[in-house]
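Data block below; observations after.
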Amino acid sequence: MGILNKIFGTYSERELRRVNPIVNKIEALDEKMQSLKDEDFKLKTEEFKSRLEKGEKLDDILPEAFALVREASHRTIGLKHYREQLIGGVVLHQGRIGEMKTGEGKTLVATLPAYVNALTGKGVHIVTVNDYLAKRDRDLMAPVYEFLGLKVGVILHNLNNEERQEAYGSDITYGTNSEFGFDYLRDNMVVYKEERVQRKLNFSIVDEVDSILIDEARTPLIISGQGEKSTEFYKVADYFTKSLIAEKDFTIDEKANSAMLTDEGVNKAENFFKVDNYADAENMEIQHHVVQALKANYVMKKDKDYMIKDGEILIVDEFTGRAMEGRRYSDGLHQAIEAKEGVRVERESKTLATITYQNYFRMYNKLSGMTGTAQTEENEFREIYGLDVIVIPTHEPIARIDNADVVYKSEKGKFKAIVDEIVERYKKGQPMLVGTVSIEKSEMLSSMLKKKGVPHQVLNAKYHEKEAEIISHAGEYGMVTIATNMAGRGTDIKLTKEAEEAGGLMIIGTERHESRRIDNQLRGRSGRQGDPGESRFFVSLEDDLMRIFGSERIQGIVDKLGLAEDEAIESKMVSSAIESAQKKVEGNNFDIRKTLLQYDDVINKQREIIYKQRSEVLEGEDLKDQIRDMIRDVAYTAVNSHVSGVEEEFETELQNLVNYLEDICLPKALVKVKDISNLSDEEIKEKLLEAVENIYSNKEKEIGEEQIREIERVILLRVVDTKWMDHIDDMDHLKQGIGLRAYRQQDPVQAYQFEGSEMFEEMIYNIKVDTVRYLFHVEVEKAPEREKVAKETSTNYDEDSVKKQPIKKENRIGRNDMCPCGSGKKYKNCCGRMA
C-alpha cells in the first residue's frame, strides 16, 4: 500500500487533483466579483435561482456562486476564503467529509456549500454539537447570507412551535443534532399537519461529524411519557445488592461494562426474594432490578459516569466530560443509581418515539461533514453512511511537535511526573492544556497542583456554563487549564505573543482514550494555523486501556527492567502496543455499531411505514376505501381463525365467531348461528361482510359524510399511535433477550428480523381490529377533536449531545407461550390474534 501511495498519491491527494481545476475557476472570477456593487449580490442570487429553474445544475453555477460568497464574506465580515477553504467547500458540496484541522475556519467553509444548495429552495441544515455553537455560528455568518439575499435561522432548545416553523422555513438553518432529530420525531406525533415544523430533509452539513455520526451512533433519540411502574422495587434490589460480596456472589466484566451473579449469588437471590427458581421467566422483573442494581453499585462510578447535584443524579458524558441536565439513563438504570445514592427515585418512563442518529441522518438527500479527525474511522463513514473522507491540506504547515508517549508502572508515578512537567513548563510561562478522562481525575490533579502552588483553571462538567470563556483564555502566557476530555470543542485557543515565544500551547494527555481519534482531537487543540506547540501523553500500566486491553508483553518488559514507580520508559514498541490496543477497541466498537444498525434497520423500515400512514391521515386523504378494506379484512380473518372445518365443533366455532364479531362490529342478535350454519366458509364471509357494511353505511348517513371522515382520521391516528408505542416497547423487549439465541445455534439478528416482522404484521392487524371496533361503537355528541394519545414528559437529551440506551417494558405474554385463557393453543393463535 505504501509503495502505491508513493507512486500515485493517497486517495485524498488523487481526489484533490480533480477538485483543483474547479478551485482555479473560482479564483479566476475574483476580479469580476470585486467589481460588483453591493446591491448586485442579491440580484445574482435571483439570477442563479432562475438558471436552476431553467434546467442548469448546481455544479454548473458552482464556480461563480462560490466566488460570489467569497466576495460577500470579505465585504460583510472581513474574512476571505483562502484556497484550502474553497477546496473544503467543494468537497462538502459533493456530499463528502472534509477533514480540516483545528483553526482552519470550518465555520466559514460551510457558507460556500450552504449558499449553493440553498438556491434550490429546499433548505439546508448546518448541524453542531450544542446550542452555544449553533447560535454563535449563525450570528457570525448571518451577515454573509443576508447580504446575498438569503434568510437564515437557528433552532434552539427553548423555541416554541411557531419559532421553529420560521427557523425551518429559512433558506439555511443552524441547530444541534438532537434538536433536528427530536423535531423529526415530534413532527410524526402531531395530530394536525399545521403543527409540523420541518420540511423534507434535503442537505445537511454536520460539524464535528465524527462526534455526531460515530461517538453517538449507538444512542437512540428517545421521547418519553410517564411510565406505570412503582419505584419501591429499586430500593429493595439495592438493599439486596449491597449485601453481596464481590467475586463470591457476583463478578464484574469490565470489557462489557456489566456485572452478573455467580451461582452462589443466585442462591442468595432465591432466598432473599423467596422464589424457587431465580432464572424462571416469571421472575424477569426481579432479574431486571437485580441486574440494574449490580450495575449501579459496582460498575457505574460517581464523578466519572454520573454526579450528584441538588439531590439529583446527572449523567456525565464520557466523550465531553459534560453533565447532561434533564437526561436520564433508561431501562431502570437511572432509578437504580438513585436508590444506590439514597436520593429520590423517579418513576420509569415509556418510549413514545425513537430513532438513532444513523437512521435520521441517512434520510437526507445529501449529507456532508467536517471534522479535524475522521481518517481513523474512514471505513465506518464509507460503509454505514456512504461518505468518503478527503483530507484538506492546512493553510500553514503544522509546526506542533508530537512527542512519544511516556509509560509509568503505576498511576501514582504517572501523576507525579505530570505535575513535575507542569511545574517545569509553568516556570517559563508556557500555556498548557491538560486533558483528563473524568471529573475525579481533574480534581485530583487540581489538588496536586494547588499543593505545588501552580495557579490553574479547571474545566469539567461542574463548570459547564463557563466553558467557552475558560477555553478561550487557555492560550495566554503561563495559563494552566485542566479539562475533561473534549470540553470546549468548537472554541479556538488563540495564543498571545508572549505565549508564542514561550513555546506555544503544550498539550498534556493524562491517559490514552480508547479511541485514537479522541487523542488526536486533544492534540489538535495546539498548533492551529501554523502556531508553535507541543504534545505528549503520559500513560501508566494501571490505566483502563492498558489494564483491560493492553498486552502482557509490555508488563513483562516493565517487570524485566525492574522499573521503579517514578521511572518511565519511552519506546517504539510500547507506542505501537498502545496503538494496537486502541485499534482493537475501535474495531470492537465498530462491530457493535454495525450490529446495532442491523437491529435498528428492522424497526426503521417499520417506522417508515407507520409514519407514512400517519402522514396520509394528516394530509386529509379520504380514508373511506381504507376503512372498508379494514372492515373486510377483520370479517374475513375472523372467519378463517374461528372455523377449522372440523364438523363436530362447527356449531361451537360459529357461536364463538358471532360472539367475537359482536364484540367488534355486530349488534347483538343481528346474526344468529342458525342463519349461517348451512353456508360454506366463503358464503359466511359474504353474509357477515354485507351485514357489517350495511351497519356502517347507516352510521355514515346518521352522522353525516364530512363528520364520519374526520372521526375516521381521529380514531385511526389514536389507534396507530397507541399500538406503535407498545410495539416500540415490544421490539425493545425482543432485542434484550435475542442475544441468548446464539446458544441455540440461531443467528440473533436473523431471529430478530423474522420475529420483529411477525410482530409488526400482528400489530398492523390489531390496528385494523381496534379501528373497526371504535368506529362501530362511536357515539357523536360533539365534533370530534384530535388529541395526542400520550403527553411527552422528557427526552433523553438536553441541548447537548450525549448517549443513552433504549427503554424496556417488562412482563408481556410471549407470542409462543400457551394462551392464559386455557384453550390449550399458543397465545399467537388464540387471544393474541385479537389482542
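Just so you know, glycine gets a Cβ as well, placed from its N, Cα and C.
Here is what Swiss-Prot records for this protein:
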- Gln85, Gly103, Glu104, Gly105, Lys106, Thr107, Asp492: ATP binding site (BINDING)
- Cys819, Cys821, Cys830, Cys831: Zn(2+) binding site (BINDING)
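Each of the binding-site residues Glu104, Asp492 was scored by the other Cβ atoms within 10 Å of its Cβ; the lowest score goes to Asp492.
Taking every protein chain shown into account, Gly103, Gly105 are the binding-site residues, and of these the Cβ with the most other Cβ atoms within 10 Å belongs to Gly103.
Candidate binding-site residues: Gln85, Thr107. Fewest other C-beta atoms within 10 angstroms, Thr107. Pairwise Cα distances among Gln85, Gly103, Glu104, Gly105, Lys106, Thr107, Asp492, which the record gives as the binders of ATP, peak at 17 Å. The ATP site is set by Gln85, Gly103, Glu104, Gly105, Lys106, Thr107, Asp492; from the centre of their CB atoms, other residues of the chain with a CB within 8 Å are Met100, Thr102, Leu108, Val109. Using a 10 Å Cβ-Cβ cutoff, Lys106 (ATP binding site) registers 24 neighbours.
For the recorded site, Gly103 (ATP binding site), the DSSP three-state label reads coil.
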